[in-house]
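Feature list (source: TrEMBL):
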BINDING   Asp183, Glu209, Glu235  Mg(2+) binding site
DOMAIN    125-230  domain 'Mandelate racemase/muconate lactonizing enzyme C-terminal'
SITE      Asp258  site 'Increases basicity of active site His'
SITE      Glu310  site 'Transition state stabilizer'
Amino acid sequence: MKITKLTTYRLAPRWMFLKVETDEGVTGWGEPVIEGRARSVEAAVHELSEMIIGQDPARINDIWQTLYRGGFYRGGPILMSAISGIDQALWDIKGKVLGVPVYQLLGGLVRDKIKAYSWVGGDRPSDVISGIKKLKSIGFDTFKLNGCEEMGIIDNSRKVDEAVGVVAEIREAFGNSIEFGLDFHGRVDAPMAKVLIKELEPYRPLFIEEPVLAEQAEYYVRLAAQTHIPIAAGERMFSRFEFKRVLADGGLGIVQPDLSHAGGITECYKIAAMAESYDVAFAAHCPLGPIALASCLHIDFVARNAVLQEQSMGIHYNQGAELLDYVLNKEDFSMEDGHFYPPTKPGLGVEVNEELVIERSKHAPDWRNPVWRYPDGAVAEW
Ligand SMILES: [Mg+2]
């Protein structure tokens, strides 16, 4: 069997699907995208395609290594997201050829279901109480929300009170009947991260995510030394070589690689195993589409240290399409009591509504994250 063609479809809300075709008629789907830079990843996919057209899709390990090591310069969000989507599509093909779900090819189930959590609130964490009530009524008991709005390198006590106030309100309203992680979203610098974490501790968040940006990763170990709340990070780390450093430093309690950014199934399976060896939990980042989510689930069902799965149903980013809009077998991804169950169809288990994908890709929006500014006009992290 040989790979014959790669076709990309940029889609609302901010996704890109990749179809990989073979000379024997078996096709695989992947989701190579970095949010806000879909066109750059698309160019990278097509540039990389010359290395794999004509190759045997069964040799996923060799193709991964060729795509990664075959370029003198490698890594980073664009190239690794391109590799990720190609890798997902190759696993999809392999599963379809062999007639089994991908997790069977990775050794089989290690659990029967995986807990999912839901985002609540938008970019600015307000009105989370009614959001949680609604989501709780359909079975979720675990949530994530942004921990604060833009925060100055040194900011005032009013901003701290605002951030802590939201969280205090949640605990008061729901007690221990729910859990929630707080995503600082890289918005907070190290000095204020120290302050905020200390103030938030009494409300016992499940974890603090990206308390500082990944490029300040040396602070994860320092912040972890200050608090008993687990520190989570990883959505902006792009290979096991980046995770190696943070795992060796010892600050993280949870790693969150993104299956569409950190080298796909091949690489994230290894990252999960590396994390397990450091007694660190695995919670794949996934505010993306259904192929990315399915890829995450196949790792969740084989990695013992997988604890939680992010998913984008109802997420504030999903403007113009919802998680399962482009999926024909929606029932395979329905949740019960806030859990996902193992996909049963061969490959990744996503039957893509190709007709709809082609139609909608004709007018795909170019999603961009907002650029925030402080009151004094300087750029703030979003
Ligand atoms: Mg995050």
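We count from 1, first residue shown onward.
Including glycine, each Cβ sits where the backbone N, Cα and C put it.
Keep in mind that this is a model prediction, so the values were computed, not measured.
Here the features listed in TrEMBL are painted onto the structure.
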residue: Asp183; record: Mg(2+) binding site; contacts (Cβ under 8 Å, 6+ apart): Lys144, Leu145, Asn146, Gly147, Glu209, Glu210
residue: Glu235; record: Mg(2+) binding site; contacts (Cβ under 8 Å, 6+ apart): Glu210, Gln256, Pro257, Asp258, His261, His285
residue: Glu310; record: site 'Transition state stabilizer'; contacts (Cβ under 8 Å, 6+ apart): Ala116, Tyr117, Trp119, Lys144, Gln256, Ala283, Ala284, His285, Cys286, Pro287, Cys296
Counting only other Cβ atoms and using a 10 Å cut-off, which of the recorded positions Glu209, Asp258 scores lowest?
Glu209
Apart from Asp183, Glu209, Glu235, which residues in this chain have a Cβ no more than 8 Å from the mean position of the Cβ atoms of those residues at the Mg(2+) site?
Lys144, Gly181, Phe184, His185, Glu210, Ala232, Ala233, Gln256, His285
Counting each residue once, how many in the domain 'Mandelate racemase/muconate lactonizing enzyme C-terminal' (125-230) are helix, strand and coil under DSSP?
57 helix, 12 strand, 37 coil
Quick one: what's DSSP say for Glu310 (site 'Transition state stabilizer'), helix, strand or coil?
strand
